[in-house]
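*Asks:* Starting off with a structure, shown below.
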């Protein structure tokens with residue numbers, strides 16, 4: 001058996017059956033490579049034992065960068081580099097800086113977070129996804145199990161998958 | 001797993017399965033464009049061409065081609081700008097604010113509404129860009145670059161500059177939000193594609209999406225944060241647009257009520273535009289099971305509520321003008337109502353204050369023809385609102401010798417027509433090549449909110465009650 005290239009693929013028709021199956025399969029000691037679903041299934045990340053996403057932290061830090069950048073830019077331009085008397089207003093009027101500061105915060109936060117999301121999830125134009133079953137973007141929930149990372153035999157795992165409610169169990173080989 | 005009370009109306013009817021959803025929506029993308037589509041496209045391209053002529057003439061000869069004069073220096077251009085930006089607001093409200101409020105009925109309509117937002121903002125941007133006159137120098141005036149003729153910077157005290165930041169941020173963040181939602185659906189189309197070209201195009205558009213649980217987890221987190229960012233953003237955009245007027249000292253503009261009043265008006269006109277577009281899309285694409293009467297009724301209720309807020313704002317403005325005791329302010333409002341532009345004022349009042357009140361009647365708000373007509377009436381009214389605020393406040397200057405009237409020329413109308421051509425061309429392209437309904441989100445509520453699941457639930461409940469009675 002080639003290492004890391006042979007997968008068992010369990011196909012589930014229903015999200016609740018799949019969610020229970022994930023718990024059952026993990027309890028019977030099988031390591032799940034990943035589950036592919038056509039839509040977000042709530043509670044799946046907990047069932048798979050994933051750590052919560054830290055993207056909100058990234059968003060906050062990018063937002064903070066935006067705030068700092070905007071305020072620095074405006075104070076530098078209007079207060080230091082070329083102070084101008086505009087209708088007798090203060091050279092560094094903080095209240096009139098608020099709208100631009102807010103917009104820059106939102107802009108950097110949104111773009112920074114989405115950029116981070118693309119990078120960590122390896123999403124890019126012409127990115128070639130590993131597709132275990134083409135129906136996973138239509139209506140099937142697909143559980144992939146890497147045989148090389150499991151000590152149980154292929155037959156044993158197939159049995160566990162069938163018992164957990166899989167409608168089909170296939171093998172998949174990436175060359 | 002979510003539990004929804006069975007008394008709530010189902011959001012998806014017709015006993016659809018996840019596979020049916022894929023089929024129903026992808027069919028439009030995969031099939032050949034219909035004759036109707038070509039006809040509609042030809043009309044909008046025609047508008048684009050006629051309007052394009054007016055636009056080129058305006059750019060070539062300058063904005064003197066418009067009907068502006070020394071007194072009325074802002075008229076159709078800024079009216080159209082505010083009108084288009086306002087229309088955009090409904091898309092973000094649906095996708096962001098309703099997401100934060102966990103309103104699941106947004107899921108059938110958010111895709112098309114967000115597309116509308118993006119195209120409307122592009123149309124809106126045409127007007128300030130053209131009004132700059134020498135468009136090609138606009139970068140120096142609008143962006144914080146050192147002036148090539150010295151070291152001057154842009155003026156950060158000016159609401160017009162805040163607008164540059166607000167509109168561009170709003171546009172780009174909305175675009176990203178919309179695109180993130182499209183990625184999983186593009187992947188669905190990619191995996192169904194039969195020929196090489198569409199496989200390559202949708203493959204590139206889908207960014208290599210595979211629907212892994214980990215990616216979905218991050219995706220949901222991104223969507224939630226983006227909604228949290230877009231909510232204050234959308235409110236800030238029309239607030240800043242209203243600052244263009246409110247921070248000036250023109251009687252009729254210099255009022256603190258403008259920000260909330262503009263935001264309510266924006267949502268009001270935006271929802272009306274969503275209704276106009278979706279009623280047609282729903283009919284042509286046979287989406288009756290996805291965009292149900294329930295959806296239409298809910299949107300009509302929002303139109304009714306925001307229309308009433310706008311009505312109250314009109315009356316408040318009036319009362320405050322009298323209460324202020326400022327002669328100029330009082331005159332501005334009396335002149336609006338009874339002056340030479342009385343017809344514009346009363347068109348606005350009829351369309352925006354009286355007509356949405358018809359939605360109190362359930363028969364009217366669940367009637368498709370009535371909804372369609374009223375949605376157009378509301379948008380005519382909202383165009384007049386901006387025209388009334390802008391032109392009637394300007395045309396009576398402080399000195400009677402400066403009093404003037406505004407009459408649009410062919411070029412005013414032409415540039416407006418250009419934006420209509422632009423908007424509908426973009427929308428028809430979207431409707432043909434992009435999935436008009438968010439597949440992934442709609443699939444995720446099939447178990448909790450479809451008619452099928454509701455029926456099963458009701459049957460189970462009835463069974464339980466019977467069992468209890470028998471025992």
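The backbone N, Cα and C atoms fix where each Cβ goes, glycine too.
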*Asks:* If I go by TrEMBL, the feature transmembrane segment sits on one of B:36-61, B:192-217. Which?
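*Replies:* Based on what TrEMBL states, transmembrane segment spans B:36-61.
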*Asks:* Please find, within the list B:2-24, B:301-323, the residue stretch that TrEMBL describes as transmembrane segment.
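*Replies:* Feature transmembrane segment in TrEMBL: residues B:301-323.
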*Asks:* Considering pairs 6 or more residues apart, do the transmembrane segment (B:160-182) and the transmembrane segment (B:81-101) have at least three CB pairs under 8 Å?
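*Replies:* Yes; at least 3 Cβ pairs under 8 Å.
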*Asks:* Can you work out which residues elsewhere in the same chain, 6+ from the ends of the transmembrane segment (B:81-101), have a Cβ less than 8 Å from its Cβ atoms?
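*Replies:* Those are 109-110, 113-118, 120-121, 123-124, 127-128, 167, 170, 174, 177-178, 181, 223-224, 226-228, 230-231, 233-234, 237-238, 241, 262-263, 265-267, 269-271, 273-274, 379, 382-383, 386, 419, 423, in sequence order.
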*Asks:* Do the transmembrane segment (B:113-140) and the transmembrane segment (B:36-61) share at least 3 Cβ pairs under 8 Å, sequence separation 6 or more?
*Replies:* yes
*Asks:* Could you check if the transmembrane segment (B:261-280) is in contact with the transmembrane segment (B:36-61), meaning 3+ Cβ pairs under 8 Å among residue pairs at least 6 apart in sequence?
*Replies:* no
*Asks:* Among the recorded stretches B:301-323, B:343-361, B:368-393, B:413-434, which has the greatest number of Cβ pairs closer than 8 Å to the transmembrane segment (B:36-61)?
*Replies:* B:413-434
